[in-house]
Amino acid sequence: ASFSEAPPGNPDAGAKIFKTKCAQCHTVDAGAGHKQGPNLHGLFGRQSGTTAGYSYSAANKNKAVEWEENTLYDYLLNPKKYIPGTKMVFPGLKKPQDRADLIAYLKKATSS
């Protein structure tokens, strides 16, 4: 199923998902450094594998996908299937509501 069929996302619920599933490896704050994973500030509209100062896998660079709702929705279901060879160890979020909530949070948090 695509993002267009996803339930409406709740950014507050997404913030909790980010805190428990993502924050150990990612930050969303402007000017914050990278952790195990890249800083996600400015994520929407950016091409995969292009954040300055982060060492991406060749797979992430070569995928050359632009991050937006549709691509994130597919990626977050199963990162290793979407980008075989990615360094991201996270297995994915199987529930459409969880993905929609996380994307709603990221849209808000990575642009402020």
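Quick reminder: no glycine exception, Cβ is built from N, Cα and C everywhere.
As recorded in Swiss-Prot, the features of this protein are as follows:
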- A1: N-acetylalanine (MOD_RES)
- C22, C25, H26, M88: heme c binding site (BINDING)
- K80: N6,N6,N6-trimethyllysine (MOD_RES)
- K94: N6,N6,N6-trimethyllysine (MOD_RES)
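Considering only the modified residues A1, K80, K94, the residue whose Cα is spatially closest to the Cα of M88 (heme c binding site) is K80. The number of other CB atoms found within 10 A of the CB of H26 (heme c binding site), across every protein chain shown, is 22. Around the Cβ of C22 (heme c binding site), a 10 Å sphere holds 21 further Cβ atoms from the protein chains shown.
The recorded positions examined here are A1, C25, M88; by Cβ neighbour count within 10 Å, the least packed of them is A1.
Within the same chain, residues at least 6 positions away in sequence whose Cβ sits under 8 Å from that of K94 (N6,N6,N6-trimethyllysine) are L77. Secondary structure from DSSP puts K94 (N6,N6,N6-trimethyllysine) in coil. Between C25 (heme c binding site) and K80 (N6,N6,N6-trimethyllysine), the C-alpha separation comes to 16 Å. The record assigns C22, C25, H26, M88 to the heme c site; their largest pairwise CA distance measures 11 Å. Contacts of K80 (N6,N6,N6-trimethyllysine) defined by a Cβ separation under 8 A and a same-chain sequence distance of 6+ are given as T86, M88, P91, G92, in order along the sequence. Compute the center of the Cβ atoms of C22, C25, H26, M88, which mark the site for heme c; besides them, the chain residues with Cβ within 8 Å of that center are K21, A23, Q24, K35, Q36, G37, L40, F90.
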